[in-house]
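According to TrEMBL, the protein has these features:
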TRANSMEM  40-61  transmembrane segment
TRANSMEM  73-96  transmembrane segment
TRANSMEM  108-130  transmembrane segment
TRANSMEM  151-170  transmembrane segment
TRANSMEM  176-197  transmembrane segment
TRANSMEM  228-246  transmembrane segment
TRANSMEM  266-287  transmembrane segment
TRANSMEM  299-319  transmembrane segment
TRANSMEM  325-347  transmembrane segment
TRANSMEM  367-385  transmembrane segment
TRANSMEM  391-415  transmembrane segment
Amino acid sequence: MSKFKINNLKYTSSLTLSLIGSEAFKLGSSIFIFKFTGNLWLVTFLYLLLQLPSVLVYLFSSKIVKKVKSDKLILLICDLLSFAILIPPLITFIILNKDDSNNDLKTTLSIILITFSTLLGFIHSFRFIFLKNIIYFIADNNDQMQKFNATNSLATSLGFIASTILSFFLFKNLSFYWLITMNMITYLVSGILYYSLKVNKEATVFSAPTSTGDVENKQDKSNLAKSWMFILSGSLLIGIFLFPNTSGLSQYFNSFGNSEYKIDNWGFYFSIIFATFSLIGVVIVYFFQSKIKKSKPLFIAIIAVLGTLNFVWLFFINSEAKVNLISYVSIIALQQFTYSLFISIYYSTSYELFSKSHFHKQNGIAIVFRILLSSMISVLFTLISTKAGYLYTYLFYSLIVFICATGILVSSLTYKKRKDKIQSKHN
């Protein structure tokens, strides 16, 4: 087996395992919090605090990466720290989580979950930037880089679907501390796999060299603006797109009031369906990424669907609960499928638009932009949902997705048209 195939297998396995643990813990925590407190704001704070402390890490990511000589060692350390951070909540839940009727205790346990999830989010921000950087040292060319990004999406989808199924089983049949235990085990195994990756001594160059002629320099400046428009639009889309799967899940089921549809049952079913459609999309991308990326009409269709499909649910908003639920889960599932077709192309393109010396700078800026703006939007979502209802929250969400999709489409089409013009002048 070649070095690339071995690395790809290890990279996929380690990323899948770590996501199984962390996503199961995240989903289980949010449902635990909402089930026992009924507080939408606590669920919102959980997802906010998973991201906000990592802003400084992403802001200085280019400097952090330059100071570290071994990416895989940092990945191992991050997973070992994640394991250690979960020891206190594990002990706490083993000792205290025995009385389901004690609401004050459940609120305290919810705050403990939020606190330690915040610490995990901070550690995971380091892991994220080094997972990005290590691609430069395990991929030998652009084709391998695109394969690793497709693999990244595949591992993410596998992690999501496995974590949802496992969290459902553990949440329903065992005490919550078993969910924490499973998370800890996955961190240990994934850390070892990351450390076993075989890396190159020199980084691979994925982006095209900068042009030097006057016409080309004008083209570079124009394309740089389009590149940033593409990156920031895509980054914000990533930041808010999973809202229906995360804090939006609690808000949607809360809109049913005291009906038979409860989040502690249906929330898991929704998540499994969403993750399954996402996985189908990722599998298609894994085998046909180059064809999808090169087909301009197909790319336009993908972005157009992302931007508009959400609005279809508005026609079912006043339907009976069962029709409302079926239409909602169908539309969000189709969106997850379409999003999976887009996401690996987005990440591969981000490597090609910027050189390695500028990649982490743009990546850090884009992620900080994503976290800050999506965090403010998330608070607005919860505020609108509690004051006016989930319909208006969903409409606001759909409008933002539409704006992001428009930015992606305009920037990518303009970038390619200008590039084609320059090439024709050389011919």
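Our numbering is plain: 1 for the first residue shown, then up by one each step along the chain.
Just so it is clear, glycine is given a Cβ too, placed from its N, Cα and C backbone atoms.
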Paired segments the transmembrane segment (176-197) and the transmembrane segment (40-61) in contact, 3+ CB pairs under 8 A: no
Ranked first among 40-61, 325-347, 367-385 for CB pairs under 8 angstroms with the transmembrane segment (266-287): 325-347
Dominant neighbour of the transmembrane segment (325-347) in 40-61, 151-170, 299-319, 391-415, by Cβ pairs under 8 Å: 299-319
Criterion met for the transmembrane segment (367-385) and the transmembrane segment (391-415) (at least three Cβ pairs under 8 Å): yes
Tertiary contacts of the transmembrane segment (228-246) (same chain, 6+ residues out, Cβ under 8 Å): 30, 47, 252, 270-271, 274, 306, 332, 335-336, 339, 343, 346, 349-350, 353, 362, 366-367, 369-371, 373-374, 377-378, 381, 397, 400-401, 403-408, 410-412, 415
